[in-house]
Amino acid sequence: MQTTTQNPSLARQLYSMTWPMLFGVLSLMTFQLADSAFVGQLGRDPLAALGFTLPMQQLIIGLQVGLGIATTAIVSRTLGAGDELRAYRLGGLIITVGGSLVFVICVALWFLQEHIMTALGAEESLLPLIRQYWVPWLMAAWTGAFLYFGYSVCRSHGDTKLPGYMMVATSLTNIALDPLYIFVFGWGLPGAAWATITSFGIGCLVIYPKLLKRHWVRFDLQELALWKALKQLNGIMAPAMVSQLMPAVSAMLATALVAGFGSASVAAWGLGTRLEFFSIVVVLALTMSMPPMIGRMLGAGDIEQIRKLVRLAVRFVVVWQLAIGLAWVVASGLVSELFSSDGDVQEVLAGYLLRVPLSYSGLGVCMLMVSVCNALGLAMRALLVSTLRLFLCFLPLLWLGSQINGIYGLMSGALVGNLFAGAMAYSFYRSGMARLKAEVASGKA
């Protein structure tokens, strides 16, 4: 096998590993934006109700991404050791555990919906609409998580193309079904969730038969040393999951702050958050493609190549995200009119797009450093970066900005907080690399 120090160049390797995930993640973000655009045509209240589910959605996504990180690490490591049968059973265990955990969380969210909405500051007039949407949305969240676990098993076996293609296919299906379910069938806001259930359900019907046909998953778990396997899974999953769940907690607190400025602000903040997801799609793809490369380099003790790879990725992210941010600033008026028919929502969203996107370079660097630290085995450092980003840099500045200049001050606080977080994360990565380099050097001595 060709090593990472040989041709193709680092840039070419990074590109070849990233592009399947880029198109897949981009398609997922596109259908979420399409959801927002279609729901926005229903008016302010449905859009605000959709915005109140975003923190819960991030909670579930945090769980599934944390488990996905563990899947890639454990299954690929087991395959590398030549124990294919154990790897297949681990795949079955991960799907079983993941599906069960997300189901339990969805049931808990269903029981706690009233308390959650009250804590987030939802207006009384929105509660009937949220109740109507809550059950199909939870079903869509579980179906999406179950499909994601299948994608994770594929990636752990080195197949990024099938998940990438399926992400595109399910997203296009969702976009096609949205207007049919929402407007033609007259299902309104719940129709958006039912479109997602249908498209993700079709994805599961494609992915899981392929996994079984390739024998990449087995469910004879009694043949597995179950407690040992669960302990191994939890050792990687727990810190990664906590790190991924931090944004969900932050999103809940941020939404509660925004709710104090009315439903138009919540609707605009929810739209802005979805636009942010769309804007960082390249960063998300890099966080999926870089860890396997870093793992191989670390195994070879090639610290200098890791430094070059990370430096290359950071420079690209800073330039790319700055360009994206400037594009949103230029198009702020047009975009706000496109995504909402409500004048108040348009005004607040335009204010969001003039401020927050300018900090996407800092946010992108911070996300990348968390992924890199996890790949380097610096899980606690990654968790510390995630925690400090949200609870030292982001939320306090949101609150401070809101006290100075209301909702627009809050958005300016988000801008400054993200930039601080990027600088902080990179400094933590550099100190971690210095320590790692010293450890590798002492090990060779």
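Every residue number used here counts from 1 along the chain in the order it is shown.
Note: Cβ is positioned from N, Cα and C throughout, glycine not excepted.
Quick caveat, the model's predicted, so the values are computed rather than measured.
What TrEMBL says about this one:
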- 21-39: transmembrane segment (TRANSMEM)
- 92-113: transmembrane segment (TRANSMEM)
- 133-153: transmembrane segment (TRANSMEM)
- 165-185: transmembrane segment (TRANSMEM)
- 191-208: transmembrane segment (TRANSMEM)
- 245-271: transmembrane segment (TRANSMEM)
- 277-300: transmembrane segment (TRANSMEM)
- 312-331: transmembrane segment (TRANSMEM)
- 351-370: transmembrane segment (TRANSMEM)
- 382-401: transmembrane segment (TRANSMEM)
- 407-429: transmembrane segment (TRANSMEM)
Relative to the transmembrane segment (245-271), which of 92-113, 165-185, 382-401 accounts for the most Cβ pairs at distances under 8 Å?
382-401
Cβ-Cβ under 8 Å with the transmembrane segment (165-185): same-chain residues at least 6 beyond its ends:
20, 23-25, 27-28, 30-31, 34-35, 38-39, 42, 147, 151, 191-192, 194-196, 198-200, 202-203, 206-207
Between the transmembrane segment (191-208) and the stretches 21-39, 92-113, 382-401, work out which stretch tops the count of Cβ pairs under 8 Å.
21-39
I need to check the long-range neighbours of the transmembrane segment (133-153): which residues 6 or more away from its ends have a CB within less than 8 Å of a CB in the stretch?
49-50, 53, 56-57, 60, 63-65, 67-68, 71-72, 75, 91, 94-95, 98-99, 102-103, 106, 109-110, 113, 163, 166-167, 170, 189-190, 193-194, 196-197, 200-201, 203-204, 207-208, 211, 216-217
